[in-house]
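Q: Okay, these came from TrEMBL:
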DOMAIN    1-125  domain 'Plant heme peroxidase family profile'
DISULFID  5-83  disulfide bond
SITE      32  site 'Transition state stabilizer'
ACT_SITE  36  active site, proton acceptor
BINDING   38, 56  Ca(2+) binding site
């Protein structure tokens, strides 16, 4: 994103900080949201239900269990205003998890970027 969306990390960091101001538990929730995503790294956990599949966020094990979707949506909206169609939801989740840990007093780490987001999900997959 160096040339296509150079402010990506700044925008995500600001979005995480803004969300945490209204809910001090949100950084932990964003880390957990990324944990649910980590096996695929495609942004699948963020997909909403459609007539052809059920998204992970409403699947029985996750229903009313994982949260932070509104914060990720707000960050995605900010990114879309700055660099439309560039940053994947998978990368947003990874950055938000890191920034949540840092905001909570934990360590930082380099997040490799460039994941592509998925547009569908499959329970059998």
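Yeah, the Cβs are placed from backbone N, Cα and C, and that goes for glycine too.
Automated prediction, rather than curation, is the source of TrEMBL annotations.
Describe each of these features in terms of where it is and what it packs against.
A: Residues belonging to the domain 'Plant heme peroxidase family profile' (1-125) score a mean pLDDT of 81 in the model.
Within 10 Å of the Cβ of residue 32 (site 'Transition state stabilizer') there are 16 other Cβ atoms, across all protein chains.
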Q: Give me the long-range Cβ neighbours of residue 83 (disulfide bond): same chain, 6+ apart, Cβ under 8 Å, in sequence order.
A: 1, 4, 5, 7, 8
